[in-house]
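S.K.: Take this structure first; my questions come after.
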Amino acid sequence: MAALLGRDLLSLADLTPTELQELLQLATQLKSQQLKLRCNKVLGLLFSKASTRTRVSFTVAMYQLGGQVIDLNPNVTQVSRGEPVQDTARVLERYLDVLAIRTFEQQELATFAEYAKIPVINALTDLEHPCQILADLLTVQECFDSISGLTLTYVGDGNNVANSLMLGCALAGMNVRIATPSGYEPNPQVVAQAQAIADGKTEILLTNDPDLATKGASVLYTDVWASMGQEAEADDRFPIFQPYQISEQLLSLAEPNAIVLHCLPAHRGEEITEEVIEGSQSRVWQQAENRLHVQKALLASILGAE
């Protein structure tokens, strides 16, 4: 994918619909081993937040491409002692070929991208989680004949995953419904971005009614009710979000062949029941595996693997 060579991925809004489809196609080829690519490059991981799937999948993806990985713990770098982001960025660009960053503020990510001359990938911020949604879309594509025109319903907190889902679904030609409690809606600026991408061709619905949002959906999706950094709010959020749990009752309102997704980690008995996450319609483990394949495709495209 020459179009992504040397580029940042800070948001799914950085992609065109064609680039998204080509990225998913490449991920499919790499997953099936129809295509094997190699690149002798170095990936840096700079993660200020805890990570299991993102850290491991990026590391394995880079190793499988023949590259190397350096895990940069911010707590043992000069970043933790107040070194300006722009200084760190201009140093790291001289050692690394690509940098994946997991941090709180989207602006910090943007500053790294502004000052580093190497590609920067958003490995999660409080605003967006683009790599997760690439895996989600690949999973949906694997489960249905055509992704275009399907309806995905997300119930829960209007967080970074909800924000990126709106953008990803709009790019993929999917309808997306976001059901949240009042006051917990997705970021208004991201909503506007997604609406501009959809351009009236697909539905973007925000509602406080999970039943309404779920009726007729082909994909039912949720995430934790309190994201990283919001742990102190968890007890207060529980009664507010309880009606937004994915249960067998809520799932029964979706299409009979609907699938259930969760980006993990899951709090069983809170945002999703044990019966649903372990049930026949759950595709959560397939979804988690696909983090590896889409991120391998992303790295291969950005680094020009051959």
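Easy rule for this one: first residue shown is 1, then count along the chain.
Placement of Cβ uses the backbone N, Cα and C atoms for every residue, glycine included.
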S.K.: Which of Asn73, Asn75, Asn122, Asn160 shares the L-ornithine site with Asp223, Ser227, Met228 per Swiss-Prot?
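M.R.: Candidate in the recorded L-ornithine site: Asn160.
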S.K.: Which one of Arg7, Arg237, Arg291 goes with Ser51, Thr52, Arg53, Thr54, Gln78, Arg102, His129, Pro130, Cys131, Gln132, Cys263, Leu264 at the carbamoyl phosphate site, as Swiss-Prot has it?
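M.R.: Carbamoyl phosphate site check in Swiss-Prot: besides Ser51, Thr52, Arg53, Thr54, Gln78, Arg102, His129, Pro130, Cys131, Gln132, Cys263, Leu264, the record includes Arg291 out of Arg7, Arg237, Arg291.
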S.K.: Relative to the Cβ position of Arg53 (carbamoyl phosphate binding site), how many further Cβ atoms are located within 10 Å?
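M.R.: Arg53 (carbamoyl phosphate binding site): 19 neighbouring Cβ atoms within 10 Å.
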S.K.: Rounded to the nearest Å, what's the C-alpha distance separating Cys131 (carbamoyl phosphate binding site) and Asn160 (L-ornithine binding site)? Just drop the number here, would you?
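M.R.: Given the Cα positions, Cys131 (carbamoyl phosphate binding site) is 11 Å from Asn160 (L-ornithine binding site).
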S.K.: Using Cβ atoms only, which residues of the same chain lie under 8 Å from Met228 (L-ornithine binding site) while being at least 6 residues apart in sequence?
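M.R.: Same-chain residues close to Met228 (L-ornithine binding site) (Cβ under 8 Å, separated by 6 or more) are Lys49, Ala50.
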S.K.: Validating a neighbour-count step here. Other CB atoms within 10 A of the CB of Ser227 (L-ornithine binding site): how many?
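M.R.: 17, counting other Cβ atoms within 10 Å of Ser227 (L-ornithine binding site).
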